[in-house]
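Everything below concerns the one structure shown next.
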């Protein structure tokens, strides 16, 4: 958008807005009060912005002006293969894309991480916008791609698999695609299957993963040896935090060996605890399916005297599913998440709140994330910390523990009759197919990953940043865990909805939360500056 300024015989300037892409001049002017005009050149500023973007990619070039622009760039194969040839993108000949006004994404297009700014703010961190490029670094008939899924189940995995296969085949004419079965171990245990659009045609209607999965089993040297032996040159890795760390190691080993192999990660976590991106796939489906469990608990406790229903939902370190499911349902009286400490006895404790709510409504529903109160449970049960094959702490069943604690307190201490109902739908939620919203989201993730790999990017992951899909360095999504901020308005909305206590009435409790979140922001700033 350019601004044309004219005086039309008056001391008051008139400003007209002209959109160069429309080729239509404005028909009227909008008078403004008299202004002190400063001579401004619009075009050089636009060129300056482009130079800033290039400055992040070109060694030794410094921008003329420091306005705080930072590009968190992703690696490209030409970084260690400078003579790699490029080819015209086959999408130029695509009938589907023939009608698109702007088929290809410019190398100058970036996505801002922070879109809420103040006057005088630095421009901040940006990521490369995802999408097809005009030049690709793989010939379609030479591509041999593979797809692997690792870690726990999540709605939408099969949709991502399907759309990677269909995207490679339908958009780029790639026919040689392997499915690595059983997670990372499948690379060196020779478990593979050929994937075609026909093979994966209806897998998005099923839950789980078509390729099977496993935890652990990552051996970088063995995996890259197998990639090299099979002649694979594109690797698509679907998995969570630990899986993406493994993907980064694979990329580093590929670079060390100087192989023309693009490594693309698609972040998967039902808990929505991946940093940088807006949300993870499967999250919407999980929140929607959780409503059934919460509704069932509400029906149960409404039908008995002094009914207390507890619903345990996913959320090892982050309570997003529990929080959003609670906000969506409106029948929940209390939501407990890992980020918010709680206590049972004494003034302002959970027992006191339950008794008040039972006197008022004669029933209540509690939603608790699986990672909430783990230290409390471990101390009560004198349990030692153990980990699974992925390195995650094995969680104790906080739902069963809380159910027993409430029952014992009201039966033995308060001498009240109480009817406890406990529902754990976690594995039922993980195993269902993705809903319509997540299906569309998974399609965009898969196609963005395919476009990035074909364009020669590697060691990257994909996801929406402020609703615009971007290519993000893997390290950016694995260094920090995305958690619910107790000092943000979303948690305040939940407290207003449930009218539950904040459990931060203890001396210094609120300040401790603020200090922890402040330290996390400082750590994030340090990471982004590395």
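The backbone N, Cα and C atoms fix where each Cβ goes, and this holds for glycine too.
Feature annotations, courtesy of TrEMBL:
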- 271: active site, proton acceptor (ACT_SITE)
- 152, 215, 216, 240, 241, 242, 243: ATP binding site (BINDING)
- 241: Mg(2+) binding site (BINDING)
- 269, 270, 271, 314, 315, 316, 370, 427, 428, 429, 430: substrate binding site (BINDING)
- 145-451: domain 'Phosphofructokinase' (DOMAIN)
- 242: site 'Important for substrate specificity' (SITE)
Among 152, 240, 271, which are recorded as recorded positions, the nearest neighbour of residue 370 (substrate binding site) by Cα: 271
Residue from 269, 271, 315, 428 whose C-alpha is spatially nearest that of residue 242 (ATP binding site), among the recorded positions: 269
Length of the line joining the Cα atoms of residue 315 (substrate binding site) and residue 243 (ATP binding site), in Å: 18
Separation of alpha carbons, residue 430 (substrate binding site) and residue 271 (active site, proton acceptor) (Å): 10
Binding-site residues near residue 216 (ATP binding site) (Cα-Cα within 10 Å), from 269, 428, 430: none
For substrate, whose listed binding residues are 269, 270, 271, 314, 315, 316, 370, 427, 428, 429, 430, the greatest C-alpha pairwise distance in Å: 17
Local Cβ density at residue 430 (substrate binding site) - other Cβ atoms counted within 10 Å: 19
Spatial neighbour of residue 240 (ATP binding site) that is closest, considering only the binding-site residues 269, 428, 430 and their CA atoms: 269
Mean predicted confidence [pLDDT] for the domain 'Phosphofructokinase' (145-451): 94
Residue 152 (ATP binding site) as reference: those binding-site residues from 269, 428, 430 with C-alpha within 10 Å of it: 269, 430
Least Cβ-crowded entry, counting other Cβ within 10 Å, from the binding-site residues listed as 152, 216, 242: 216
Listed binding-site residues (241, 243, 269, 315, 428), ranked by Cβ neighbours within 10 Å, top entry: 315
Largest separation between Cα atoms (Å) of residues that the record links to ATP, namely 152, 215, 216, 240, 241, 242, 243: 12
